[in-house]
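A.B. asks: Let me give you the structure first, and then I'll get to my questions.
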Amino acid sequence: MGHGSSKELPETTNTEGASTPSSRIKRPHIRRIFRRLTVSRGNGSSSSSSTLKLVSAEDFAGIALLTLISADMQQFKDKWLACVSFGEQTFRTHISDQTEKPVWNSEKKLLLEKNGPRLARISVFETNRISKNNLVGYCEIDLLELLTQDSDSDFEVFELFDPAATGKVVGRISLSCSVEDPIETEKNFARRILAIVDYNEDGKLSFSEFSDLIKAFGNQVADNKKEELFKAADKNGDDAVSMDELAELLAFQQENEPLLNCCPVCGEILEVSDKLSTLVHLSLCFDEGTGNQVMTGGFLTDKQASYGWMFKLSEWAHFSSYDVGLNSGSSASHILVFDRKTKRLVEELIDKKIVLSMRAIYQSKIGLHLMDKGAKEILLSISEKQGREMNTTESARDIPAFVEFFKDQINLAEVKYPLEHFKTFNEFFVRELKPGTRPIASMERDDVAICAADCRLMAFKSVEDGQRFWIKGRKFSVQGLLGKETYSSAFADGTLVIFRLAPQDYHRFHSPVSGTIEKFVKIPGCLYTVNPIAVNSKYCNVFTENKREVSIISTAHFGKVAFVAIGATMVGSITFSKKAGDHVKKGDEYGYFSFGGSTVICVFEKDAIEIDEDLLANSARSLETLVSVGMKLGVATKKQATVNLPNFDNWVLEE
C-alpha cells in the first residue's frame, strides 16, 4: 500500500500558522467494533432490546472517517490540493498555501460495505488556479486492509508515486482512518433530525414535536400510528422521547417497518433488503463533519475535481460537462468508465482537439453529410498512411511523448521489454506483456468465458438492449455485423459483448472461450472511429459499416461464438495469430491491432451465456466497464453436448 517508514509528519502547521498536533482519535480495530441488533419481543410488540454482535472484517459495513492531514513534497514548491476517489465519488481538499509541506486536515466519511469499493486513490495536484492543475503524485490505499491492521499509531504515512515513472517516489502523505461505531452512527442521525423539530431546545421531543417529525417523513402509514410509535419510543414513560430513545426507534423501524422510504437529502430510494443499515446512508447525507475542514464532494473523477475556474466557466456555459452515460452533445467532451478492479470511475484521456473534431463529425447531420461526400475515403487514406509511418524507425521518437500523455494509464512495469527494445512505434503499440501479468479466471473450467481484451466493455443480453442503452446507429443488426457468410439464425437475438480498445491499451486480443476456429471472413468497409461519441450517434452505423474480420469459434459449452475484430480510424491493420482449424484455449492470444484504437465484438447464441451481473448493470446505465484480459465475463447456461454410445452388452463377435 506504499507505506513509508518515517513518522515525521505528525506535527503540522495550520493555515493561520499555529502549530497543531496531528494526533487523531485512535482508530478502532474492525474486529472490536460491535453492532447494535434490535429484536422485537412478545406478540407483535414494538418494544426492543439491544444486543451486541461481533462483526468480522469480511462482513463489515459502515462508515470510515478518512482524514488527509499533510504531505511532504520532495523538490516541489507550489500550492497544493488533494483528491480522494472512492467508488463513483471524488472529493477534494481546500488549497494549501504551504509550498513544500502542505497541510489540509480535511476529512470525509466514506461508506464501506461488503462487495463494495474498498480501494481509495489519493491524488496530489500542484495548483494553477486559472486553467488546470498538474498531477504530481498518487497512492492507492485499501481502506479495509488499513483498518484491520493492528497499529498503535494515530496516523499513517504513505509514499506518493510519480504517475509518469513507475516506482518513483515524489513525496509522502500522512492520513488517519477510523471506523465510526454503528451505534454512534444511529445516534448522530437521531441528533441531527431531533434538532430540526426540538422547538424548545430541551434535547427531547414532546408528542407534538414527535408528530411533526413523523409527518415530515412523508409516511402516511407511520403518521396514522404516531401515538403507538411515540409510546414505543418513550421507554421510561416521561412523556418525552430522548435522543437515545429516538435512535433506537429509528434503528428498529428501518430494519422492520421503515419510517423513511427515500432519503430526504439526495432522494435515493432506501432498499429495505440491503444488509447495510439505511441509517448509515442517511447519516452520511446529513453529515456536517466533526469540526475539521470537510472535503468538497460532487465530483466524479480526480481530474474533474482538480480543474480550475476556466473549466467551471465552460461547464456553466454548457460547452463542456461531466456525466455518466450516453456521450452526446457537451457530455461527449469527457468519457467516464467504471474500473472493475478498483470499483471507481476513471476518465479516459483524449486530446481536446480530437474530441472537438469527433463531436463536429459524428454528432451532427452536417458532419455525416461530409462523410458521404468523400471524407470516408480520406479517412481510409490517412489511416493507411499513418500505419506506414508508424512502422518506420523514425516513429520510435514518438514513444516517450505517447507514454507521457497516458502516464497514469500505461503501466510500464507490466511490459515484457524495456522501451529501448522497440525500434518503431508500432512495435511498442502491439507490445507483449510479461507472463502471468493477466491471470485467466477459472482456467480449468471451459464453461467460464473471460474478457478478450484490456478494454472498456459493454454487455447486453440482447441486441435490443444494446440498441436501447448504447448503439444508436439506426441500421445496426447482428446480420449486418456478421455478414451473410457467417450469420445464422442462432445469433438472431443473441448476447452482445463489446470490447472497445483505446490507444493506451494493451492491443493484443485473446480468445474468450475454448473451442475450434471454423473460419475467418473479411468484410471491407469504412474506418470510422469506434469512440463512444460515434457509437452513440444516431447518424452513424460504426459497427456495420467499418472494415472488419469475422471468425466463428465452435465450443462445447457455448455453442458457436462469433468473434468480430473491427478496424477504426488510424488502425493500420488487424493481424490474427490463429488460423481456421486451430483449437484455442481461452486466454490464448488471438491477434492484435496495429496503431489506433479499435473494437472486438463477441456475439453468443441466444441464452448460451449468463453475463456477470456487474457488467450488465453498468451497461444498463450506459456506462462502460474497464476490464483486463482474463477477467471473468460469464458462465455457460447450455449443458455440454454428450455423444450417445451404443450398448455393447449383447454384442457377439464373429470370427
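The backbone N, Cα and C atoms fix where each Cβ goes, and this holds for glycine too.
What TrEMBL lists as region 'Disordered' is 1-25. Annotation comment: TrEMBL describes 1-10 as compositional bias 'Basic and acidic residues'. According to TrEMBL, the feature compositional bias 'Polar residues' maps to 11-23. TrEMBL lists 31-157 with the feature domain 'C2'. The domain 'EF-hand' annotation in TrEMBL covers 185-220, 221-256. Residues annotated as pyruvic acid (Ser) in TrEMBL: Ser598. TrEMBL lists Ser598 with the feature active site, schiff-base intermediate with substrate.
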A.B. asks: The domain 'EF-hand' (185-220): which same-chain residues, six or more beyond its ends, come within Cβ distance under 8 Å?
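C.D. replies: For the domain 'EF-hand' (185-220), the nonlocal Cβ contacts are 36, 62-63, 226-227, 229-230, 233, 239-244, 246-248, 250-251, 258-261, 264, 277, 279-280, 282-283, 286, 288.
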A.B. asks: Can you give me the average pLDDT across the domain 'C2' (31-157), rounded to a whole number?
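C.D. replies: When the pLDDT values over the domain 'C2' (31-157) are averaged, the result is 75.
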A.B. asks: Tally every other Cβ atom lying within 10 Å of the Cβ atom of Ser598 (pyruvic acid (Ser)).
C.D. replies: 32
A.B. asks: Sort the residues of the domain 'EF-hand' (185-220) into helix, strand and coil with DSSP and give the three counts.
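C.D. replies: Helix (H, G, I), strand (E, B), coil: 24 helix, 2 strand, 10 coil.
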A.B. asks: Helix, strand, coil residue numbers for the domain 'EF-hand' (221-256) per DSSP?
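C.D. replies: Across the domain 'EF-hand' (221-256), DSSP assigns the residues as follows: 26 helix, 2 strand, 8 coil.
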